[in-house]
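Only one structure is covered here, and it is reproduced in the block below.
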Amino acid sequence: MQFIDYVKIYVKAGDGGRGCISFRREKYVPKGGPDGGDGGKGGDVIIQASSELHTLLDHRYQKVYKAQRGQHGKGSNMKGKDGENLIIKVPVGTVVKDAETEEVLADLDEEEKYFIVAKGGRGGFGNAHFATPTNQAPRYAQPGEKGQERWVILELKLLADVGLIGLPNAGKSTLISVISSAKPKIADYPFTTLIPVLGVVKYENYQSFVVADIPGLIEGAHKGAGLGHQFLRHVERTSLLLHLVDVSDFSESDPREDFEKIQKELELYNPALTKKPFAVVGTKIDIAYKGDRLGKLKKYCEEKGIDFFPISAVKKEGIDKLLHYLSEKVGKKCGLL
């Protein structure tokens, strides 16, 4: 299934039904008064969160959503039937924005949470509504009001406790496949992960938590380079970030610079991301034979007071210690421990 996390749609609420112009015409009521009924209200367009959905794929192909209009009023004071509301289901974690101003209209971060994105028009009054002592036979009724319409942006931000970030091929996919039941594509080339992957982690007697594997970031990601900022939004909701840095002998870059590049991209995208609790994970220690890169990164983290965990996901070295740390941190953050 394709992962779509950003779409633009048009919504139109139902118009109100028009009021009716009618008069009583009964055999023994020669001067029957007005009896035109009111028009029905137009249906609202409602966007509602559902845990059954995990992507905005459906809305990529259907861009226009219109609610039912209200029916017109009838004689004998019969009110027109209200139009049915149109409910648009989206994944939990979807943010609704005005397409023109980009103002956040709603953050649907809970199951069944909803937002009325376009309100239906009021039905028009029938002529019975306008009868007065001086005008007992009004030949006027109101038209229904127009329903609201607008373009909106639906933006999905995944709900995860821990976000795995790092340069391409840092070992994020391997780690999440070891600590959870998630099975992302794994290979020894950059950008293997093209979409965010979620995995549920259960460690000993701790509460389970959700980890998100975010596609690899590169310099300029905040401007859209590489897979770009389209996936940076998914780390905004996390409680804790894990910076994964390749410390193997096969990587030629300075591990300290690798870490700082990602920190810079986070700050340029959203400075609040650098304020989140985080730890650094040195990956692939099973092929860090010389230990130079591992030593540099470990010393750097010690000097900066950063929690550091050297691991080998392939050989499961250091994994237990890392999971214990994550379980305690996420548990405390969620108030579970």
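Placement of Cβ uses the backbone N, Cα and C atoms for every residue, glycine included.
It should be emphasised that the depicted structure is a prediction, and the values quoted were computed from it without experimental measurement.
When secondary structure is read from DSSP and collapsed to three states, LYS172 (GTP binding site) falls in the helix class. Cβ contacts within 10 Å of LYS172 (GTP binding site), excluding its own Cβ and spanning all protein chains shown: 30. Feature annotation from Swiss-Prot assigns GTP binding site to 166-173, 191-195, 213-216, 283-286, 312-314.
Residues annotated as Mg(2+) binding site in Swiss-Prot, with sequence analysis given as evidence: SER173, THR193.
What Swiss-Prot records for 1-159 is domain 'Obg', and it gives sequence analysis as the kind of evidence.
Summarising the annotation, Swiss-Prot assigns domain 'OBG-type G' to 160-331 and lists sequence analysis as the type of evidence. Per-residue pLDDT, averaged over the domain 'OBG-type G' (160-331), rounds to 83.
The two recorded residues, LYS284 (GTP binding site) and SER173 (Mg(2+) binding site), have Cα atoms 12 Å apart. Between PRO215 (GTP binding site) and SER173 (Mg(2+) binding site), the C-alpha separation comes to 9 Å. In the three-state DSSP scheme, PRO215 (GTP binding site) is classed as coil. Between the CA atoms of SER173 (Mg(2+) binding site) and SER312 (GTP binding site) there is a gap of 13 Å, rounded to the nearest whole number. Using a 10 Å radius centred on the Cβ of SER312 (GTP binding site) and all shown protein chains, the other Cβ atoms total 21.
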